[in-house]
Amino acid sequence: MDFTKKILVVFAFTIMLGISSVHCRPSFKPIPLFGEKLTQCFDTRPCLQGMLKCIEFCSSMGTADGQCNNENLCCCTHE
């Protein structure tokens, strides 16, 4: 009787460990390759005021450069 309780406890812990490892898996974020720059686009508000406002916005975010794209989104480039 005691042996089956131990097996049941080990089985329960194995299931709990399996479930926790599935739920706690870190999200995959691609790392830019050497020389490749990461670009992140934001809303249109800075670009409505001109390219300089987009550059100022991106500088305040701590990025290297900012440009308005064809959709008038302010895109910041990370180095």
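In case you wondered, yes, glycine gets a Cβ from its N, Cα and C as well.
Annotation in Swiss-Prot places Cys74 in a disulphide bond whose other cysteine, of Cys24, Cys41, Cys54, is Cys54.
Between Cys47 and the candidates Cys41, Cys58, Cys68, Swiss-Prot records the disulphide bond with Cys68. Cβ neighbour count within 10 Å across all protein chains ranks Cys74 highest among the disulfide-bonded residues Cys41, Cys47, Cys68, Cys74, Cys75. Cα-Cα distance from Cys47 (disulfide bond) to Cys74 (disulfide bond): 6 Å (rounded to the nearest whole number). For Cys75 (disulfide bond), the nearest neighbour among the disulfide-bonded residues Cys41, Cys54, Cys68, judged by Cα separation, is Cys41. Closest to Cys76 (disulfide bond) by Cα-Cα distance, out of the disulfide-bonded residues Cys54, Cys58, Cys68, is Cys58.
The most crowded of the disulfide-bonded residues listed here (Cys54, Cys76) is Cys54, judged by how many other CB atoms sit within 10 Å of its own CB.
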